[in-house]
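Let me begin by presenting the structure, written as structure tokens, before commenting on it.
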Amino acid sequence: MFIISETQRTFASFFIFGLLNNILYVIILSAAIDLVGPSTPKAIVLLADIIPSFSFKVAAPFFIHAVPYIIRLWTLVALSATGMVLISLSPTNVISWKILGITLASLSSGLGEVSFLQLTHYYEENSAIGGFSSGTGGAGLFGSFLFMVLTNVMGFPVWVVLLICAVFPSGFIITYFNLLPLPMHEYQVILQQQQEREEEQEEEEYQQQLQDEARSQNIESIREVKYSVNYISKHVQNTIHKITPLILPYMLPLTTVYISEYVINQGISPTLLFPLKEVPRWLISSYRDIYVVYGFLYQLGVFISRSSVTMGIRIKRLYLLSVLQFINVMITLYQSIYDLPFHSIWWLFLLIFYEGLLGGASYVNTFKSVSEQVSRTKREFSMGCVSISDSLGIVTAGCINWWLELKLCHLQVARGRDWCLKGGSL
């Protein structure tokens, strides 16, 4: 009988969590040109796919500790499954329903990322963080590959593929109850009283102030003061105080990398086109297919580099990755405007793959650095906060792309190339 160790079960569980949490996000972005058409900025789908997730992750540090993991799990399953059904079955010409479905799936993704990164705190860090990071990279690879094969190669209707994906979230429940081992130390809902005990030095000052206010105002109990506007204000200030040290070493470099790569992916790559007679026809039969292939190659690079930490590969200079990714933006922007420096799509395939390598390396090395450098008592909170960074970068890129993609397309049309206006739709 084949027996796997707890370490292997931990890695496998978090790999599945990462895979399932990100796969719908990837498939939705892969289907962007089908959902809104070639002449509409793909930034619409990108922003709908990320703003709800980003908003949730910004708000999560203020309340997520009070929600048990099992409730979070069932909530994200319901949100993601409902979202995919809405996207796939809504009428073709009613984009608003598709955007609502994307929004629900995005909320699920944000809840999942915060929750599973916090859950890694209770398991061996290399197995848990490495598994989740590899899983998120695997989601990009598997999701983009699945979508490319089913639509580009096999010719399935996009709405059918999206409807099939609605069953994926059930894997969260199966994995959580049947594969995930018991934690190294017990986790529980962190009520306010427990949070105060863990952060005694910071909270003692606030407790004393609350007691003084209670006595001076003749309030019957400290509990009434704790939930007053003044207490909430102090709690917010305390949370912001704990987030501030994370910004420069971890959050800023990850944010800038994501700005660069999503400007390329959703703003520039829809205009990185070549004559159909010069591309591999077994894989690409329309200009829409080129966009899908770019997405797969990017996700392939992400998967490989996100798995690198499990092989002992570490990059501690996080800002170096930011600089290298920005150079990629400049190269692809020049290519879109002047058709230089590449005269073959194969070189662009290689560049997009390299872009994915940088993005995945930035993600996994950032969270690995947090796990190594932040004290255990603050690590769970820090993981949740740093997870905001990638979403912030994507939101920023989406705002840029709203203008950039149309501008680049208009420049190409002005010089006689209208390929960016051609594609497919759902």
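Just so it is clear, glycine is given a Cβ too, placed from its N, Cα and C backbone atoms.
For 1-32, the entry in Swiss-Prot reads signal peptide, with the evidence type sequence analysis. If you look up Swiss-Prot, you'll see 44-64, 67-87, 99-119, 129-149, 154-174, 243-263, 290-310, 318-338, 340-360, 384-404 marked as transmembrane segment, on the strength of sequence analysis.
If one looks beyond the transmembrane segment (44-64) by at least 6 residues along the same chain, the residues whose Cβ comes under 8 Å of a Cβ in the stretch are 25, 28-29, 31-32, 35-36, 72, 95, 99, 102-107, 109-111, 113-115, 118, 235-236, 239, 243, 262, 266, 381, 384-385, 387-388, 391-392, 394-395, 397-399, 401-402. A contact between the transmembrane segment (340-360) and the transmembrane segment (243-263) is present, since 3 or more of their C-beta pairs, 6 or more residues apart, lie under 8 Å. Panel annotation: around the transmembrane segment (154-174), residues 16-17, 20, 23-24, 27, 31, 34-35, 73-74, 76-77, 80-81, 84-85, 87-89, 108, 112, 146-147, 426 of the same chain, lying at least six beyond its termini, place a Cβ under 8 Å from a Cβ of the stretch. The stretch from 67-87, 129-149, 243-263, 384-404 that makes the most Cβ contacts under 8 Å with the transmembrane segment (290-310) is 129-149. Counting residues 6+ beyond its ends, the transmembrane segment (384-404) has Cβ neighbours under 8 Å at 41-44, 46-47, 50-51, 53-54, 57-58, 60-61, 64, 110, 113-114, 117-118, 242-243, 246, 250-252, 254-263, 266-268, 363, 366-367, 370 in the same chain.
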